[in-house]
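Just below is one structure, and these are the notes that go with it.
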């Protein structure tokens, strides 16, 4: 008897020690997700507002817990249960119960989304062995137009609901595959008319703030622009040759970037178990296809899979996870060009196609760019100025501006969480090789070289190469009032030491060059995924 009591006491002490060591998780978003205890087990309580009453509500929850999954845990990974039944008003929250795996402690919430819109984002566990669980739930809900609370159930409706089958809930539900759809010609490469601009504008109009689009719904259908409407807009801008004559020598002809001005910009994140980290940029070219660089997903012995990658569309400020009209798009597949070899120094065929699980709805902030059309010969674009846009994050997920500011006293950090846009004059290989002989080994007949024409204020304020962290970003050239994707960023010239003895930090030379994968050389391969 005494031995039995001692064994029980040891088990109790062990459980208490584990609880103190691990600690009970705290909800990262207590307004929409809370941990509850019913006396026997822990569960999660989630409140979600349906973003669109005409579509099924698709809930996705990603959980993180310490250790390897046990046999008992593998048999039951948890589930999402719809708590509130009956009809809902559009503004009323829908309540869900998150049942956790049979484990001593509830897992931490890593990500929660509704119809691909991230509504809660947290950090995972920190341990040598980690287990991630993804739960999904899809249900078509009935909505009523009146303002009665959805939590006050109709007794007759409740009786009907009791006879219904259990709501479909499975840890790994299969998405219904939709056919790939090429971007409509009316949309691709065009910007909402309220945000549209040409590469070169009159200097006096550069500092006029561009307002947000006058749309009350961030996920409405796009505004189509007919060919004859371009003539109506043309009088607002001047020809590039005319604009260059009145530009100042400080290269300040680029407008301040606003949200929605580059709606095909994609932010690609990778799941590193404990957090989502920014990895690369990308370019949306259809409702399901994003183009990026191969080295973003395959470098030496590391290869990211589709389950480890999440693509954000419609994003501008990467610190703001709740931007209207943006969405988090799960990835169905990552296809790296078969000729790409991460073990070699050459960046030949450094291109990848990311296929999204679901087609995205185009809106003011999410639109595709056009794939290149016309000749694929590089010599035909030498001398032209393209546009490169992307976020300049390094691999530690700090912006290069912030990193420099922490190292240099008196330097103020600029907001590099927003994308930066720069001009990229396309040059021949000879000029590129003269700038840096190492580019000869990096390039091939399927790459081209372009410079970075930085604005003076960026060069002096940031004092660092803010343009070398934009792997996967696209280089766009305007053709017939449309922006066309011609290249993706592969390799940049390393920063050089400044001759100024007082400044020991590295500066990006004003005439920096970057190697791009020539998208025009891979159109046949890309089109196979788009059609």
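Start at 1 and count along the chain as shown; that gives each residue its number.
Backbone N, Cα and C define each Cβ position, glycine as well.
Features reported for this protein in Swiss-Prot:
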- 1-19: signal peptide (SIGNAL)
- 155-174: region 'Disordered' (REGION)
- 246-531: domain 'Peptidase S1' (DOMAIN)
- 272: N-linked glycosylation site (CARBOHYD)
- 280-296: disulfide bond (DISULFID)
- 295: active site, charge relay system (ACT_SITE)
- 350: active site, charge relay system (ACT_SITE)
- 397: N-linked glycosylation site (CARBOHYD)
- 432-449: disulfide bond (DISULFID)
- 445: N-linked glycosylation site (CARBOHYD)
- 471: active site, charge relay system (ACT_SITE)
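Rounded to a whole value, the Cα-Cα separation of residue 295 (active site, charge relay system) and residue 350 (active site, charge relay system) is 6 Å. Candidate recorded positions: 350, 449, 471. Nearest to residue 272 (N-linked glycosylation site) by Cα distance: 471.
The Cβ of residue 280 (disulfide bond) has 26 neighbouring Cβ atoms from other residues within 10 Å, across all protein chains displayed.
When the neighbouring Cβ atoms lying within 10 Å are counted for each of the recorded positions (272, 445, 471), the highest count belongs to 471.
For the pair residue 296 (disulfide bond) and residue 432 (disulfide bond), the C-alpha distance works out to 23 angstrom. Same-chain residues at least 6 positions away in sequence with a Cβ under 8 Å from that of residue 449 (disulfide bond) are, in sequence order, 426, 427, 428, 429, 431, 432, 439, 443, 513, 514, 515, 516. Recorded residues residue 350 (active site, charge relay system) and residue 445 (N-linked glycosylation site) have their alpha carbons 12 Å apart, per Cα-Cα distance. Distance from the CA of residue 280 (disulfide bond) to the CA of residue 445 (N-linked glycosylation site) is 24 Å. Counting in whole angstrom, residue 471 (active site, charge relay system) lies 5 from residue 280 (disulfide bond) by their C-alpha atoms. In this view, residue 432 (disulfide bond) is surrounded by 24 other Cβ atoms within 10 Å of its Cβ, with every protein chain counted. Around residue 296 (disulfide bond), taking its Cβ as the centre, 24 other Cβ atoms fall within 10 Å, counting all chains. Ranked by Cβ neighbours within 10 A across all protein chains shown, the active-site residues 295, 350 are led by 350.
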